[in-house]
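Novice: According to Swiss-Prot, the protein has these features:
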type: MOTIF; residues: 57-67; note: motif ''HIGH' region'
type: BINDING; residues: 554; note: L-isoleucyl-5'-AMP binding site
type: MOTIF; residues: 595-599; note: motif ''KMSKS' region'
type: BINDING; residues: 598; note: ATP binding site
type: BINDING; residues: 888, 891, 908, 911; note: Zn(2+) binding site
């Protein structure tokens, strides 16, 4: 036997290297085979419910890192709730209708307009489901736990039927109407868009300043007067039917030198416009209030058949332009509103593809709307006063990345104005985890217009509307519920497979159809109505969930998307918000803080992270950032997170190894019998437990990460475990001092493993597999630990906080001695302490082997005065010299009692007593050489 064999060196097969990329899939298969998700739900039956409703990602392509961050965050929350006494099932979902899938099929050579619609929709469905399968595997690879066998998918018959019923209730309440209002129109998608489908980019446009000649001045203006107009959309002049002025804006009638014509512009803009137009010596002839110009009639710049009426509008400002805007009711919301109020014609001169139509005039017909500027300039002739290129923020189709236009076309709308105040009242009841989120959603609802819900596409849920022979739209409870039942049984494709009469209830009649003939709507619903109905299709309809949901958690872009549409439909149907809390996240940016994009080559695929680091590192990264704001991610950042993971893993490995001979049922030492330092560490750990439990409850992942890393680095590695080897390795295997420390080790190990489970489930399960005395076969079936409080807790904490200050001062003294070459390692030191009464009392209260805590071989508490050479602090001073004696081959301390024993061992008296008591045979035979 060798002397080193008398040491209690930690033993474990728990590997230092995690091997996450290969081990994680093995664990995941084991969880699936064991039906772990189902077992957890069964275990929590009857407990308080917690419903985190999954916002459905769009089923197209592999997941990106933003998806991963979001789903991991949800998984951490659901797992922590499940381990905190809540019944918290998780139903993942997918959004599957819409233009992107049509675009994919088009790129694959599928020609929608050349094939049977039902066959085309079948191809869309097959593709969507293939993408669901792909993303399902992506999410499962992240270790996300949920009912993957029974997700919700927006194309399933039961979901589509639930969506129809949401629409039906809104129709019954009078919230659905048809109108020809201007809507966001995407010529690149050939469809109307909702606000949520718009994104803004800078666009360079040609702006024109031109003049309309007065035709009837109403006794205010002469007919040789021209009203100056500004536009950034020259194509809309073809549909201009009025000029709008601000009622309270001052306008001036002016005549520049050398100019026979007189012009009207906003007084405030005269100076800048004169410079722009090259006017000199401008004479102001008259000043008018805008309301005085109301109902003056002007000529259209070139269309003699059209008159343009001067009208009043609150949207007119003097921030730019001329203070007068031309008004084309068919091409703008403000234009439409003031145009309708003044009985102006709603002319639309651009078709669904962005091509100018016949009513624009023969010179324009057939041209793309963006290309007509030269023709407009030619038609304006000497009415054009100036042109310039401007860069401004402009709406784009978020899918095709092409600019859009406002265009008045017959569309179906969901009224928001009819119940806007109800929605705003409900927002006040929702808990937002960021105040700016509440303000953002509130302002969006307050300021938004009615919701255009119809789309001129194929792949989506049909609007369940019929038309009578006289054109009357039919959407009554009887017909809508019948359609819902048909969809529930056959899916929405039946809408296209059957004639209108076969989609109506048997024997249905309508006074507008004396001959019993009906037509059906061919538009589909906005996909935001699809996902915005999920509270009904999933939360209400799945018995394991509760409505309203406890939490919606998505990216901050969903304030205008899913948060918004879900809120509108839920309040419209039931008068309540669909969620009790909203938690939003920022976007994942690259390591430099730049937006990720394939074209820039700065994207990070979750699959690449899994191959290089493992999903655990991605999961740990999610907790290491403040995801309420935009966050950065790169392979370098993940490498740093991987180092943190390694530190956590190896610290827990040390605890596993040094409790391998510890049976908690037999060897646990009661708290009251622990040493003061062990009590202190127990209290500190319970503070960590409380911090983490509270942070899980508040979804504060970064708090968990910081607290955990700080505890492992500062409390454990830099202190408790730093001197632990002097106890757990050196003392007798069954000694009280060793069992005291092992009691703390084991308590921390078991509980910290549970605390880590929501974040690092693979690692937690691997650790758990080494804890043979724990009852649950999987740590995921256990509960998060509760924080315990102890007697005299504050007193103990105060004592050890003071000791930590003392320790820091002692370490400075040792460092100075090391720099002066007095000692090398701290174990070579004899530290003499010159305390005042406060420190003397402190060291007595610590009631521990202070030399052991400071990792020095000898420590003396001096009574004599402090020598001049001492390193002095306010309450204490230190001197350091080399310890007397020789190095003990067993404990490595320098000790005066170190000597060669008769059993061939050079050890100190303390080690000799341990060896002689516990290894009698080896003592009798003598130890082998090193």
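In case you wondered, yes, glycine gets a Cβ from its N, Cα and C as well.
Are these features on the surface or tucked inside, and what touches them?
Specialist: Summarised by DSSP class, the composition of the motif ''HIGH' region' (57-67) is 3 helix, 1 strand, 7 coil.
Same-chain residues at least 6 positions away in sequence with a Cβ under 8 Å from that of residue 554 (L-isoleucyl-5'-AMP binding site) are, in sequence order, 55, 70, 561, 562, 563, 584, 585.
Distant neighbours of the motif ''KMSKS' region' (595-599): 64-65, 587-589; these residues of the same chain sit at least 6 beyond its ends, with a Cβ under 8 Å from one of its Cβ atoms.
In the three-state DSSP reading, residue 598 (ATP binding site) counts as helix. Within 10 Å of the C-beta atom of residue 598 (ATP binding site) sit 8 other C-beta atoms, taking all shown protein chains into account.
When other Cβ atoms within 10 Å of the Cβ of residue 891 (Zn(2+) binding site) are tallied across all protein chains shown, the result is 22.
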Novice: Which of the three DSSP-derived classes (helix, strand, coil) applies to residue 911 (Zn(2+) binding site)?
Specialist: helix
Novice: Let me know how many other Cβ atoms fall within 10 Å of the Cβ of residue 888 (Zn(2+) binding site).
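Specialist: Counting Cβ neighbours of residue 888 (Zn(2+) binding site) within 10 Å gives 24.
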Novice: What other residues of the same chain, not counting 888, 891, 908, 911, have a CB atom within 8 A of the CB centroid of the Zn(2+) site?
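Specialist: Same chain, not in 888, 891, 908, 911, Cβ within 8 Å: 730, 889, 890, 892, 893, 895, 898, 907, 909, 910, 912.
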Novice: If you measure residue 908 (Zn(2+) binding site) to residue 598 (ATP binding site) at Cα, how many Å is it?
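Specialist: Roughly 67 Å, rounded to the nearest whole number.
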Novice: When you measure from the Cβ of residue 911 (Zn(2+) binding site), which residues in the chain that are at least 6 apart have a Cβ under 8 Å away?
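Specialist: The answer is 730, 888, 890, 891.
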Novice: For a quick check of packing: other C-beta atoms within 10 Å of the C-beta of residue 908 (Zn(2+) binding site), how many?
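Specialist: Around the Cβ of residue 908 (Zn(2+) binding site), 24 other Cβ atoms lie within 10 Å.
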